[in-house]
Amino acid sequence: MTEDRLSAEDKKFLEVERALKEAALNPLRHATEELFGDFLKMENITEICYNGNKVVWVLKNNGEWQPFDVRDRKAFSLSRLMHFARCCASFKKKTIDNYENPILSSNLANGERVQIVLSPVTVNDETISISIRIPSKTTYPHSFFEEQGFYNLLDNKEQAISAIKDGIAIGKNVIVCGGTGSGKTTYIKSIMEFIPKEERIISIEDTEEIVFKHHKNYTQLFFGGNITSADCLKSCLRMRPDRIILGELRSSEAYDFYNVLCSGHKGTLTTLHAGSSEEAFIRLANMSSSNSAARNIKFESLIEGFKDLIDMIVHINHHKQCDEFYIKHR
């Protein structure tokens, strides 16, 4: 429903909600703009890092790190950096300090992930480490990947291309794995075009990256604060999804993902950090084992279970090319 069709009461409610949200976000927006505004406006970047030595490092899409000297910027004083850290913590109703809470995972006002580390984890009291992950807002058609040689390292290139197209269309369970910044989510967005357009999709992310260019029946769920990805997964199953797209598996929610697959749900898409398909299965089992509900399940049984449930794994190397395409043959 568009906003011009809302009742006067609903419009008033939305105005109040937006005003409250903006009031909470303003301190974070100002602190972010003061420190990193110029860098966040840059195009074709994936990461902004500050190591505590008056140099900001920016990672470009091509994998090149570019340094920027900020010694002349008063904003990079210890007090302003700590103000930024506290604003990030407050935004997620968390705490950061040099005692019991020196590590913070949060988000900026526009959704970028931010990781902040203080002493005693860093080298001294004057060192604040800040890493900002820039989500990809670009969506490419799958044909772009073919044209750019994404599959060229594979001996069975044509088989892999056909398998991913047909597999997504008929509801195979697919995992895309690789290192940080390898382009896993960008690839996921491209293969979504093969999901039948009449199907209902539910996505689960902490930061909005998934783009729905080909589908109208979808719902986006976001986790953070007191809401976990496992909470979203459980809720998702009660929302009649044809497809579930989970932005990234990181921890114990892998066992909830396992149960989703065991329930017979088909056509799931997700990403995780792993160096190969075999490492992906081991990592899935490791993450699942950290869930208290899985403590009585043997590690080997989890691996075998995932091997029965996952149909394809696409591994992307640091050059953003597929160097392994796993297909289940049993």
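Placement of Cβ uses the backbone N, Cα and C atoms for every residue, glycine included.
Over in TrEMBL, the protein carries these features:
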BINDING   Asn61, Arg133, Tyr140, Gly181, Gly183, Lys184, Thr185, Thr186  ADP binding site
BINDING   Thr185  Mg(2+) binding site
DOMAIN    172-291  domain 'Bacterial type II secretion system protein E'
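Annotated features, which come from TrEMBL, shown on the structure.
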residue: Asn61; record: ADP binding site; DSSP (3 states): coil
residue: Arg133; record: ADP binding site; DSSP (3 states): strand
residue: Tyr140; record: ADP binding site; DSSP (3 states): coil
residue: Gly181; record: ADP binding site; DSSP (3 states): coil
residue: Thr186; record: ADP binding site; DSSP (3 states): helix
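Sequence-distant neighbours of Thr185 (ADP binding site) (same chain, 6+ residues apart, CB-CB distance under 8 A): Pro135, Ser136, Glu209, Ile210, Gly247, Glu248, Thr271. Minimal Cβ crowding within 10 Å, among the binding-site residues Asn61, Thr186, is found at Asn61. The Cβ of Tyr140 (ADP binding site) has 17 other Cβ atoms within 10 Å, all protein chains considered. Comparing the binding-site residues Arg133, Lys184 on other C-beta atoms within 10 angstroms of each C-beta gives the minimum for Arg133. Looking only at the binding-site residues Gly181, Gly183, the densest Cβ neighbourhood within 10 Å occurs at Gly183. Note: the domain 'Bacterial type II secretion system protein E' (172-291) comprises 42 helix, 26 strand, 52 coil (DSSP; helix = H, G, I, strand = E, B).
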